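To keep things clear, I will list the structure first and then write my remarks on it.
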């Protein structure tokens, strides 16, 4: 159940507290649940005013559901969604096919606006101001920072020609701001039926579908670890508000430091920061009125971030 807030608490926006939420996705009975717990605790530490909804597939065991509930998450079961289970060889990794199920979150119409975060992300600063972004657009961070400025780069992912013209900027689907909408949800599903599977699954699909309403936002809202060695001159790790541990060997709960790039000092520091949050028992969810909840209410719901400053003018398509 979503936490209730004191009616006297004022906010720096007209958005209703109950109408917004963060959302993530979880499948299977593996240890990814640790990532979601870490994310939930990170949002508490950042004094977010909004709950974390976890969209789970039916194969998530009851034990993991109870863990999520104990940490204050709103658990919502969804049905799997995939264009074809017979085309697993089309994906960069076979399990990417599960990620099409993320499209179900457009059906969460009890929320007017949501911020999607992958379960292997961690939030280090309050990002509630993202809910203030103007409606009717999808906001996300470019998958490669060079793409934001139209600079040629070997690290930019190849665009599947079968999906039509390449978007001017290709975003990473590990974090995005969107509005649930039943009409959009139906159109997404209908479009998926006639869209061939591609290497990066739902990420390619979302880039194709939302190319006309996509707005880039700064890398600080989804700092991919690979940017630290691909484009170190463009990255300031201490400015990252949310970090995406998506590189091979980077999942903090599996980290050994043995995979390529994982022995870097900045990676070790970010893994430690994740564990510091995960192991902090003062961030464990408690009932309303607890110290944690009181701190969330006292914290600023929105930072002093200038919302208009988030917009990055994307280069025109070639």
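Cβ atoms here come from the backbone N, Cα and C positions, even for glycine.
Cβ environment of residue 102 (active site): 25, 55, 116, 173, 202 lie under 8 Å away, each six or more residues apart in the same chain. In the three-state DSSP classification, residue 102 (active site) falls within a helix. Here Swiss-Prot flags 102 as active site.
Summarising the annotation, Swiss-Prot assigns Mn(2+) binding site to 118, 120, 244. A 10 Å cutoff on Cβ-Cβ distances gives residue 244 (Mn(2+) binding site) a total of 24 other Cβ atoms nearby, all chains included.
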Long-range Cβ environment of residue 118 (Mn(2+) binding site), under 8 Å and at least 6 residues apart:
24, 25, 174, 175, 244, 246
Would you list, in sequence order, the residues of this chain other than 118, 120, 244 that have their CB within 8 A of the centroid of the site's CB atoms, where the site is the one recorded for Mn(2+)?
35, 117, 119, 121, 174, 175, 245, 246
Give the sequence-ordered list of residues that share a chain with residue 120 (Mn(2+) binding site), lie 6 or more positions from it, and have CB atoms under 8 Å from its CB.
32, 35, 174, 244, 245, 246, 250, 251
